[in-house]
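TrEMBL annotations:
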DOMAIN    7-116  domain 'Aspartate/homoserine dehydrogenase NAD-binding'
DOMAIN    154-242  domain 'Aspartate dehydrogenase'
BINDING   ASN177  NAD(+) binding site
ACT_SITE  HIS207  active site
Amino acid sequence: MKVGIIGAGAIANYILEKEKDHTYEVTSILVRDMEKYREISNKYHVTLYTDVQAFIDSGVDIVVEAATVEAVQAYVPQIIEQKDVVIISIGAFVDDAFTQEVTSIAEKNNRNIFLPSGSIGGLDLVQNVLATKNVEHVSLTTRKAAHTLVREPITEEKIAFQGSAREAIAVYPKNINISIALSLAGIGFDRTKVTMIADPHATKNTHTIEVEGAFGKASFTIENNPLPSNPSTSYLAAISVIGTLERQHGVIRIGQ
């Protein structure tokens, strides 16, 4: 399976680095500045593009967006007409009009949009529970290093935010991809409850998801290590993209 990537940052580099251990082959990368990323092209023997249509026509089977929300909005409507797309910057889907647009294009062209689970897990459970139409409660509690959530120095943990996922996205647009994924999988941005805790002693990001409905209750916690090559990127988020690519070949689908 030939893969094209939008962007050449930490996650793109991780996908390239791990290519030899998996069944996919990265052949094309869409960037804004070819000279800036020439070293990546030479190291991994991939072709760089600045023109989106030339990138689409380069023979890739699937495209991975590993750039920004702006890149999703700019390129995905055109790409999804011809290729399946894996999207990391899922903040684009907070915009209901954009979501409707790309969904309509994908359906019309028999294409798929894959949203990896990113830094959390359990989204299959949330989707399964939602299918019963009887979900009473979905919440996310995130604990992060204090300086990432509050400006003032603190010595004890503090609730930096408590409200709906939609409100959390407005307050912390760069810290909230997990809330977006959970909301899309579950009961939506307005009913999903989010608590963000600023912890001066935290060395890792911790996320606790709680779900309650007719099925019973579920609670699970994820403690994330950073990507070794880039401390600001979640290791699990990078892995989730590779997992999504690998599952394209599976005849037996688990957790669907």
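Cβ coordinates are placed from backbone N, Cα and C, and glycine is handled just like the others.
Because TrEMBL annotations are produced automatically, they should be read as predictions rather than curated entries.
In the predicted model, the domain 'Aspartate/homoserine dehydrogenase NAD-binding' (7-116) shows an average pLDDT of 96.
Rounded to a whole value, the Cα-Cα separation of HIS207 (active site) and ASN177 (NAD(+) binding site) is 12 Å.
There are 23 other CB atoms within 10 A of the CB of HIS207 (active site), with all protein chains counted. DSSP assigns the residue listed as 'NAD(+) binding site' to a helical segment in the three-state reduction. Cβ neighbour count for ASN177 (NAD(+) binding site): 20 (other Cβ atoms within 10 Å of its Cβ, all protein chains included).
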